[in-house]
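Engineer: What follows is a structure written as structure tokens; I'll ask about it next.
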Amino acid sequence: MATPPKRFCPSPSTSSEGTRIKKISIEGNIAAGKSTFVNILKQASEDWEVVPEPVARWCNVQSTQEEFEELTTSQKSGGNVLQMMYEKPERWSFTFQSYACLSRIRAQLASLNGKLKDAEKPVLFFERSVYSDRYIFASNLYESDCMNETEWTIYQDWHDWMNSQFGQSLELDGIIYLRATPEKCLNRIYLRGRNEEQGIPLEYLEKLHYKHESWLLHRTLKTSFDYLQEVPVLTLDVNEDFKDKHESLVEKVKEFLSTL
């Protein structure tokens, strides 16, 4: 296994102004409101940038933000690995989780060389992290018998190695936890109408909610990355629609950032 950091020591990524780029992960259940939230943050400051989840790559659909990018080999094959995972989780969970993490690492690393290089007080917001990939979603699939013992062992070994190679550049300064009930998330799944997600049962969301609570609220979830225990967490209750509460949310985020 990769040797985890022994203390909280974020990576030294800096802007051209000489200011270290703060890296914040936005975490939460499926349909908690992460995409809406990161769009609010993106518009709040020129010194802030967001890295959305690469859902388009998982679905073989180029989003408007990524029209300039060439299709990867896996996209050209025409596979919707997200839909495949939901339809046959025992067959495709290992494949999906491996590719989800790989595409996330690629997107987040690429963002470090983006517009924030010229920012005065740069902050980079990730929509989820490599840690929730493993300790929330992949582990839940393993515990639900959608990954067998061999697949889970290989996934953990692969995840450890990937983080030993690239993880220092992606280490977090803080986490924002968008907290919503599983019932509210299920309702939002129906409302946003993403075809691949329409068969998700409440029980699945409840399991993910429990893991998020253990990790970010109670801080009892154990990981291989010691420094995560010291990363500050801002918890925001998002059960209510927050589309009309932009200013309040942004102020809470600014206050949180000032403490980091």
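Glycine is treated like the rest: Cβ placed from N, Cα and C.
Reproduced below are the annotations present in Swiss-Prot:
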- SER11: phosphoserine (MOD_RES)
- SER15: phosphoserine (MOD_RES)
- 28-36, 188-192, 240-242: ATP binding site (BINDING)
- GLU53, TYR86, GLN97, ARG128, ASP133, GLU197: substrate binding site (BINDING)
- THR72: phosphothreonine (MOD_RES)
- SER74: phosphoserine (MOD_RES)
- GLU127: active site, proton acceptor (ACT_SITE)
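Map these features onto the structure and tell me what's around them.
Structural biologist: When secondary structure is read from DSSP and collapsed to three states, LEU191 (ATP binding site) falls in the helix class.
Packing around ARG128 (substrate binding site) is summarised by its Cβ count: 20 other Cβ atoms lie within 10 angstroms of its Cβ, all protein chains included.
Under the three-state DSSP scheme, GLU127 (active site, proton acceptor) falls in the strand class. Sequence-distant neighbours of GLU127 (active site, proton acceptor): residues of the same chain at least 6 apart with a C-beta under 8 Å from its C-beta are ILE26, LYS34, SER35, VAL38, VAL50, VAL51, PRO52, GLU53.
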Engineer: Check the Cα-Cα distances from ASP241 (ATP binding site) to the binding-site residues TYR86, GLN97, ARG128 and tell me which is shortest.
Structural biologist: ARG128
Engineer: Are any of TYR86, GLN97, GLU197 (the binding-site residues) within 10 Å of GLY28 (ATP binding site) when you go C-alpha to C-alpha, and if so which?
Structural biologist: none
Engineer: Just to verify a number: CA distance, ARG128 (substrate binding site) to ALA31 (ATP binding site), in angstrom, no decimals.
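Structural biologist: Here the two Cα atoms are 12 Å apart.
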Engineer: Which number gives the other C-beta atoms within 10 angstroms of the C-beta of ASP133 (substrate binding site), all protein chains shown included?
Structural biologist: 20
Engineer: Given the binding-site residues TYR86, GLN97, ASP133, GLU197, state which is nearest to ARG188 (ATP binding site) when distance is taken between Cα atoms.
Structural biologist: GLU197
